[in-house]
């Protein structure tokens with residue numbers, strides 16, 4: 001969970017972001033390099049690339065119309081969700097939005113840090129949730145030193161507060177600049193600090209340094225709540241308040257209210273589906289334009305795979321001829337061309353053991369050796385070693401929590417996250433297979449019923465539901481009610497993103513003529529009560545939770561495990577069906593070396609899968625490796641306690657938890673399993689593994705289980 005060579009696109013490839021016939025979109029996203037604390041960089045900056053994921057050599061490309069099966073099954077398993085993602089990418093402000101999951105997981109961390117800075121106990125009181133701009137002058141005076149009257153001005157960079165030369169202008173859009181007049185937003189105006197620096201004749205330097213530290217912490221934490229990439233822009237000229245922009249106790253109340261409204265501008269709803277793209281949104285209906293484009297893309301991928309295979313064969317012949325010439329010369333001329341072979345996994349494990357033993361000298365030497373042979377632009381092992389070395393270095397320096405907070409506080413474009421998710425769907429069957437099985441199981445359960453209520457824990461962007469809505473329109477249109485549950489977002493609109501997901505889904509339901517109702521819940525999952533869900537016993541009730549339960553804390557953090565609390569709530573809901581998908585991992589152990597080893601094995605499978613299927617130059621692959629999986633690895637390695645939010649367990653551990661909650665596991669429909677296996681073996685790499693164990697559907701890569709899916713019912717309905 002980072003001097004970069006120039007990267008070139010693969011000529012002749014089509015842009016996968018144009019799969020659904022929508023208007024042209026930017027084909028790449030940029031990464032802003034940020035250097036954090038120890039000097040190494042966790043972010044990428046690359047040229048614009050237009051690439052398509054290269055299918056593996058063993059993939060088979062078969063048209064849907066050649067199979068004697070229900071074409072609707074092909075629709076469900078095809079990239080139906082890509083049309084939904086493409087529509088989201090066409091929304092005007094998607095590039096400016098930050099990732100929903102990123103914000104929700106860090107809100108609690110931000111609250112805790114603010115309370116630690118002022119010496120109060122968490123959890124916060126309601127008034128504490130206000131942004132930094134709403135603090136009163138008394139609280140601000142306790143944070144800002146009162147004797148800023150001396151020499152240099154202060155700049156706020158990634159490394160903390162730094163003295164800068166005079167003459168710069170401090171702008172919150174550019175935190176590393178500074179001026180001799182420092183203005184900080186406050187509830188009744190701007191409090192202004194005049195002078196050229198800090199008075200060295202302070203009577204109490206210790207108190208002064210503490211105030212500086214507190215001020216730095218408050219600025220860093222407050223920036224997380226500022227809209228649009230931490231920019232806080234207050235336009236007093238438009239509000240006719242220029243003359244009152246300084247601290248003034250006699251300013252007008254009207255001007256106060258106008259200034260407050262300008263600090264955090266209200267976000268007004270927009271048309272989720274604009275008129276120029278409504279006609280082009282097709283959810284990959286068999287025979288439709290989107291399916292034709294999908295088949296054309298498969299043809300292009302097939303040609304690319306054949307070309308790559310031929311190129312690899314020619315390269316092997318050249319290497320064989322080179323070895324033959326070397327032997328003919330007696331082997332003396334080939335020594336300089338040999339590359340040093342390094343077992344990066346062993347080095348990483350030995351380094352983790354040294355870090356756990358606090359052997360800094362040995363750990364430093366091993367880290368230096370790992371850095372020498374790892375790179376974010378090499379093969380899969382080198383990229384994996386680079387990510388894990390970042391985590392080890394942060395843990396060794398004792399700055400893991402600060403570095404992780406610094407990374408997650410940097411906004412990630414929601415468009416970039418969607419494009420990366422689009423790539424993951426294209427190259428890996430895990431989530432697509434889960435969507436297909438879940439939707440097919442729900443449809444079979446609903447049958448001819450007139451009403452269905454889906455409660456989705458961790459709905460995020462609602463990727464899986466457009467296909468279900470479309471299928472309901474094909475085989476009867478029951479009233480669909482979806483309750484989308486997400487963690488709250490920071491700011492004054494904690495439910496904004498989950499509400500936007502509902503608006504998109506409502507637009508799809510209207511497009512296909514399906515009666516639809518949506519309710520958004522933005523709360524901590526363990527704080528949700530049964531009354532919040534509006535259960536109607538006359539409806540078919542389905543609870544869905546796919547691959548998000550790992551972010552709930554367990555008994556090692558909280559005596560009353562959040563995981564058991566949520567499962568007990570699901571038992572009280574008494575659903576007709578509970579679909580449960582988990583990330584299968586054993587790296588939730590309290591002992592660091594054990595956790596590190598298991599995390600290394602888990603992420604090795606993912607990085608090897610990407611190395612086998614996706615070209616190294618692909619931008620979205622780099623984003624997945626560094627910004628998604630690399631960030632998760634950093635959290636697992638460098639963070640402890642409540643700050644460690646990546647806590648997956650094995651499917652056997654989750655099985656025990658679910659049974660303790662009064663749930664009974666039921667088998668999958670054999671016909672669904674048969675269709676799923678056929679699809680995976682037909683359209684995906686041969687090294688993807690689909691298996692069953694104790695009624696769990698196991699999905700993995702080269703024999704290692706990565707994800708698991710199961711279906712449960714209450715004891716009363718089993």
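Yeah, the Cβs are placed from backbone N, Cα and C, and that goes for glycine too.
Features as listed in Swiss-Prot:
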- 305-338: region 'Disordered' (REGION)
- 316-328: compositional bias 'Basic residues' (COMPBIAS)
- 335-713: domain 'GRAS' (DOMAIN)
- 342-402: region 'Leucine repeat I (LRI)' (REGION)
- 421-484: region 'VHIID' (REGION)
- 452-456: motif 'VHIID' (MOTIF)
- 500-532: region 'Leucine repeat II (LRII)' (REGION)
- 541-635: region 'PFYRE' (REGION)
- 638-713: region 'SAW' (REGION)
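DSSP assignment over the region 'PFYRE' (541-635) gives 54 helix, 13 strand, 28 coil. When pLDDT values are averaged over the domain 'GRAS' (335-713), the model yields 90. Secondary structure of the region 'SAW' (638-713), assigned with DSSP and counted as helix (H, G, I), strand (E, B) and coil, comes to 28 helix, 26 strand, 22 coil. Counting residue by residue with DSSP, the region 'VHIID' (421-484) contains 34 helix, 13 strand, 17 coil. Residue counts of the region 'Leucine repeat II (LRII)' (500-532) by helix, strand and coil are 18 helix, 7 strand, 8 coil (DSSP-based).
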